[in-house]
Amino acid sequence: MADPLRWLLKGLQDMRAAPGIASFYGMCFWGMALVLGWVFRTRAEYVMSLVSGCLLLGPFLAMGLYDTSRRLEAGLAPGLGESLTCWDSRLGSMGMLVLLLVVLELLWGRASLVVFAVFFDTGMPSTSGVLQALFSPQNWGFVAVYTAVGGVFAGLVFASCVVSIPMILDRDTDALTAGITSLRVVLDNQAVMLLWGALITAIVALSLWFWGAGLLLAGPVLGHASWHAYRAAVSPTRSAAA
């Protein structure tokens, strides 16, 4: 159960070993959060989609950080240029995975809208109205259903890509094999992966306060840590199809 904390520590060490690269990607994560926040600024019913967007786009944006950690692990000097082009020979596999996750994101957004429509049949509340609903004892049913729906989709996204994206980068495997391996890793290590997913969700959620500035630090650390999670879950000698 201590594995996720070790991954975070290793992620912090990698960030310190390549601070320039980490700073660049930290700015990218922050920019992503600002853009998503601007898009959803007047649509309170899509607040969960904002969080899900960060969780969904984050692993792809972190590919450069995976490459940096991989180079550090191999004793090679990391570079920003290499991190930006590490995906260019894997466009087919990544494209299939992106398509799957985009479908999940659209379904998540639609499900969030349906939940709001059911519980607020007189009209969608404002952003402040959503906050009041979250803390009102009269709306605990709404909070429970909204959280459950979000949890289901978050679990699907997490289980699909917790090791699949680093695996595609590391082994240039196809999206189907990587996705199945990712699901199997989660099923075989449920307690550890549940804790890891909870930590990622909590860190991302906290980082989104103060206009997402926390992602300047949290984004690179989680990106590097996710590489070490992949390494721990799928050993270098293990078959990609295993």
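Glycine is treated like the rest: Cβ placed from N, Cα and C.
Features reported for this protein in TrEMBL:
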type	residues	note
TRANSMEM	21-40	transmembrane segment
TRANSMEM	46-66	transmembrane segment
TRANSMEM	97-120	transmembrane segment
TRANSMEM	140-169	transmembrane segment
TRANSMEM	190-211	transmembrane segment
| Restricting to the same chain and to residues at least six past its boundaries, which positions have a Cβ under 8 Å from a Cβ of the transmembrane segment (21-40)? | 14-15, 46-47, 49-50, 53-54, 57-58, 61-62, 64-65, 68, 78-80, 83, 207-208, 211-213, 215-220, 223-224
| Sequence-remote partners of the transmembrane segment (140-169) [C-beta within less than 8 Å, at least six residues beyond its ends] | 48, 51-52, 55-56, 59-60, 62-63, 66-67, 70, 86-87, 90, 93-94, 97, 100-101, 104-105, 107-108, 111-112, 115-116, 118-120, 133-134, 175, 178-179, 181-183, 185-186, 193, 196-197, 200-201, 226-227, 229-230, 233-234, 240
